[in-house]
Amino acid sequence: MQKNDDLLRERRKDEHVALGVKQNEQLAPSSLDDIQLIGTSIPRYNVKDIDLTTTIFGVNVSLPFYINAMTGGSRHTKKINADLAEIAREVAIPMAVGSQSAALKNSSLMDTYQIVREVNPSGIIMANVSPEVAVQDGLRAIEMLEANALQIHINPAQELVMQEGDRSFSHWLARIEEYVKRSPVPIIVKEVGFGMTRETVKTLREVGVETVDLAGKGGTNFAQIENDRRRDQAYDFLLDWGISTGQSLIDMQHIDAPKIAYLASGGIRNPLDIVKSLALGADSVGMAGQIIYSLKKDGVSNTIEKLELWKEQLRGLFVLADAKNIAELKETSLIVNGKLAEWGNVRGIDLVQLANRK
């Protein structure tokens, strides 16, 4: 029985990657397209003046983007994690691994995650567990990678579509609070592509969580992945569940939104999406599906070159936004249009204030 469970988990990991890569073959429209930064025609800064450094979970990092959680737990995904770690090392960005549940249940799979630390010994690495994982096991996940932080992924929609998924969730909040109290490293609670409302973030803040990853709809769709894995595909009506990255970011502009550090991810396509997310308060921006798609299509070296180009493009966008650093970018005026404006209005967001921040 244990062997069958292990094989099922390994197969699921491989299917997640294959289906996720397929989803990212074409860039979909994004809610971030409804955001327009108000720039300048007479910049105060030169490109060389721009400071892209940021702070996430108390750690200073040189760039405001990172490789988000995606994979690990099978022989195939070990090679992917090794390649992602090389990219993270060469570009000097943090990275997260996918859920480590497989390795916690089967120690022979630990190396599919530990390869990340082997390839990137001095990098910033985030471990990853579900709130289903007991705290003592979550601490093992941290030790497994000598991790700098721990992501706890919350994914009720994915679990419900997954035939073998969890069906009990009421204990999650207490488990997260226990992690906050006992973890030797910072905790990041993240969605997996269904977004967080300010109410969800407030609930997490009340149990001591200091950083969340909003992880909105628009990138890798795990409801679709799990539905595609089902023979009956019985949950096709749930494929549009959740709120987008743009909606999550706009929701955090509400006057009653909790004071908390937040990261943005979900459907990030280019440097402009990163800048818009930072302007709406994110401290850094995560990418998973697009990075793995680029890795599969173009290889490690070309993906590194692409992200190195993004660094220069980000500096240019900061110049156009008349912002020397992320703190100034967060004060840049921006217009919210279209369906995203409709969302903001009915959620009580002061969009006029956002359009006249400086």
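Residue positions begin at 1 at the first shown residue.
Keep in mind that glycine also has a Cβ here, set from the backbone N, Cα and C atoms.
Not measured: the values here are computed from a predicted model.
Feature list (source: Swiss-Prot):
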- Arg12, Lys13, Gln158: substrate binding site (BINDING)
- Ala69, Met70, Thr71, Ser99, Asn128, Lys190, Thr220, Gly267, Ile268, Arg269, Ala288, Gly289: FMN binding site (BINDING)
- Glu159: Mg(2+) binding site (BINDING)
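Annotated features, which come from Swiss-Prot, shown on the structure.
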| residue | record | DSSP (3 states) |
| --- | --- | --- |
| Ala69 | FMN binding site | coil |
| Asn128 | FMN binding site | strand |
| Gln158 | substrate binding site | helix |
| Thr220 | FMN binding site | coil |
| Ile268 | FMN binding site | coil |
| Ala288 | FMN binding site | coil |
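With a cut-off of 8 Å between CB atoms and residues at least 6 apart in sequence, the same chain places Ala96, Val97, Gly98, Ser99, Met126, Asn128, Gln151, His153, Lys190, Ala288 near Ala69 (FMN binding site), listed in sequence order.
Other Cβ atoms within 10 Å of the Cβ of Thr71 (FMN binding site) number 24 in total over all chains. In space, Thr220 is the closest of the binding-site residues Thr71, Thr220, Ile268 to Gln158 (substrate binding site), judged by Cα positions. Comment: FMN site residues Ala69, Met70, Thr71, Ser99, Asn128, Lys190, Thr220, Gly267, Ile268, Arg269, Ala288, Gly289; largest CA to CA distance 23 Å, whole number. Residues within less than 8 Å, Cβ to Cβ, of Glu159 (Mg(2+) binding site) and separated from it by at least 6 positions along the same chain comprise Gly165, Asp166, Arg167, Phe169.
Packing around Ala288 (FMN binding site) is summarised by its Cβ count: 27 other Cβ atoms lie within 10 angstroms of its Cβ, all protein chains included.
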